[in-house]
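Trainee: Below is a structure I'd like to ask you about.
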Amino acid sequence: MREIVHIQAGQCGNQIGAKFWEVISDEHGIDPTGSYHGDSDLQLERINVYYNEAAGNKYVPRAILVDLEPGTMDSVRSGPFGQIFRPDNFVFGQSGAGNNWAKGHYTEGAELVDSVLDVVRKESESCDCLQGFQLTHSLGGGTGSGMGTLLISKIREEYPDRIMNTFSVMPSPKVSDTVVEPYNATLSVHQLVENTDETYSIDNEALYDICFRTLKLTTPTYGDLNHLVSATMSGVTTCLRFPGQLNADLRKLAVNMVPFPRLHFFMPGFAPLTSRGSQQYRALTVPELTQQMFDSKNMMAACDPRHGRYLTVAAIFRGRMSMKEVDEQMLNVQNKNSSYFVEWIPNNVKTAVCDIPPRGLKMSATFIGNSTAIQELFKRISEQFTAMFRRKAFLHWYTGEGMDEMEFTEAESNMNDLVSEYQQYQDATADEQGEFEEEEGEDEA
């Protein structure tokens, strides 16, 4: 079967990753000891996409946990599903990267990377037909961003024809942990543009807004944010884990979603997002899911899709529902909002349907959009980067680890190129008649 090797790097990556394993273990009926207690054969049918079967019918996540300090991994180990992971797959250093990309990428991380690659090889060799890798990390810190991107490029060298998929938490202005986030993020994006096939851009600011506005949580914790991320990750990977009427794997997804190799940064979304209290007051229908899923308030990246146009979209519906209705609704969205989809890619919305809904819901939908509006996110990081870099603020932390200023300049211009590529395709029309229609569409919106 088509296996995926999961890697989580750094504090953020490990926390999101741990939550992801809790959610999908629950969906597959696997308890914290790795034993199966499910009630449906469908749960086991494609279990080996994410799990290895060990002696005594134990299922072990095909996960590799990486960090440059032991702290976060200790808390994962003592967390609810800590005992399910294979002990050899915890790879950690002692020194920490101190939110410094250079330490993660060139010094501390580079020392640890070989032992991580050994574990990656071990996991890949036990696969029947390896489909690809997924990495969870953040771009603002040191380990997830610096060492995460180092791992990506090393894995890319060794497995050039496998899909590389990342869930990357972008730094956001409202939720900032460190001053040097713009540096770390820009240096990381420089790597991601070249070395990944699909990157889901997740943004703490957007997650906060969802928790606050939609879920009515007055003081959202990181646990709440990570819960949203794991719901999305679970949705994105549904097709790979359960049989469905229209299945996708990582490669099919990439083929459908990436029109130009550099433009592979997706905005994920999820529906239904309802606060815990008001769940039973809403009937979930396919039209409602579709409408909610395309709503900018449901996007996990702090960009407004109405400010750009969709190059491609993938929607994954879960639950028992009529295929005909799903198709009608998706067409309906495209027809009503045609100005927001580029007209030079016909049929640019793909739908997949899986029969098994997530726990506690009758049906749900996960949205993956490749929208030119994502440039807002890169512009934001780029502005912050430029402000600091112009004064060479904090640069000594990076040059002290052996980095060169040239590398910063290159990363900056690569990011700006990315922004202008998105802009160029946003403005492109199949013929010049398109501009008039676009203005009309804006009046309605």
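The backbone N, Cα and C atoms fix where each Cβ goes, and this holds for glycine too.
Feature annotation from Swiss-Prot assigns phosphoserine to S40, S172. The ubiquitin cross-link annotation in Swiss-Prot covers K58, K324 and is backed by similarity to another entry. Taken from Swiss-Prot, the feature N6-succinyllysine applies to K58, supported by similarity to another entry. Look at Swiss-Prot and you will find 422-445 tagged as region 'Disordered'. As annotated by Swiss-Prot, 5-glutamyl polyglutamate applies to E438.
For the listed features, I'd like the structural context: burial, neighbours, distances.
Mentor: Secondary structure at S40 (phosphoserine), as computed by DSSP, is coil. Around the Cβ of S40 (phosphoserine), 11 further Cβ atoms fall within 10 Å across all displayed protein chains.
Contacts of K58 (ubiquitin cross-link) defined by a Cβ separation under 8 A and a same-chain sequence distance of 6+ are given as T33, G34, S35, in order along the sequence.
Following the DSSP three-state reduction, the secondary structure of K58 (ubiquitin cross-link) is strand.
Cβ-based neighbour count (10 Å, all protein chains) for S172 (phosphoserine) stands at 23. S172 (phosphoserine) falls within neither a helix nor a strand when secondary structure is assigned with DSSP, and so counts as coil.
In three-state terms derived from DSSP, K324 (ubiquitin cross-link) belongs to a helical segment.
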Trainee: In Å, rounded, how far does the Cα of S40 (phosphoserine) sit from the Cα of S172 (phosphoserine)?
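Mentor: Per the Cα atoms, S40 (phosphoserine) and S172 (phosphoserine) stand 41 Å apart.
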Trainee: What count of other C-beta atoms do you get within 10 angstroms of the C-beta of K324 (ubiquitin cross-link), across all chains shown?
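Mentor: So the number of other Cβ atoms within 10 Å of K324 (ubiquitin cross-link) is 9.
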Trainee: Cα of K324 (ubiquitin cross-link) to Cα of S172 (phosphoserine): how many Å, rounded?
Mentor: 39
